[in-house]
């Protein structure tokens, strides 16, 4: 059963490695579709907010792409895993509260339990989108391998997921990316 709030027409669950461009892609989609039609939901938002409260940290600084956030990343991952083990839908329920737009873009789906929760809760309106980028492209965006982060479940949990409904290649070829976004936007419009 869906939590309180509106029932979406489409839920797109975006996943991908760090610096693959998940936020870039979801923000590009929202800018084309409009914020009145399309909401970007971030599972990391309530996780970081709760973590900041419990650890006396600056929540706003945990939201940006800063060294501040990176210095707490490993412990946040561990803490988030403990929360999910106790209640797999904890963060999922938090992000959908009060969302009124018909299209939901979950920009940071990282675990099978997240996909399962959305599929069980919203059924056929849920689709998975994998954003992929070459290691070289990710490095150009500032990615550096960090042991305990890039080899943790939060980065690798969906590597063997199987058949994603959509795969967006974000290797730096703007024209190719635009073509792919165009196809996805056509699909979104078919659901409105």
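Just so you know, glycine gets a Cβ as well, placed from its N, Cα and C.
What Swiss-Prot records for this protein:
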type	residues	note
BINDING	17, 18, 19, 20, 21, 22, 23, 141, 171, 180	ATP binding site
BINDING	170	substrate binding site
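Projection of Swiss-Prot feature records onto the structure.
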| residue | record | Cβ within 10 Å |
| --- | --- | --- |
| 17 | ATP binding site | 19 |
| 19 | ATP binding site | 20 |
| 21 | ATP binding site | 24 |
| 23 | ATP binding site | 17 |
| 170 | substrate binding site | 25 |
| 171 | ATP binding site | 14 |
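Here the C-alpha separation of residue 23 (ATP binding site) and the residue listed as 'substrate binding site' works out to 12 Å. The two recorded residues, residue 19 (ATP binding site) and residue 170 (substrate binding site), show a Cα separation of 10 Å. According to DSSP, residue 23 (ATP binding site) is assigned to a helical segment.
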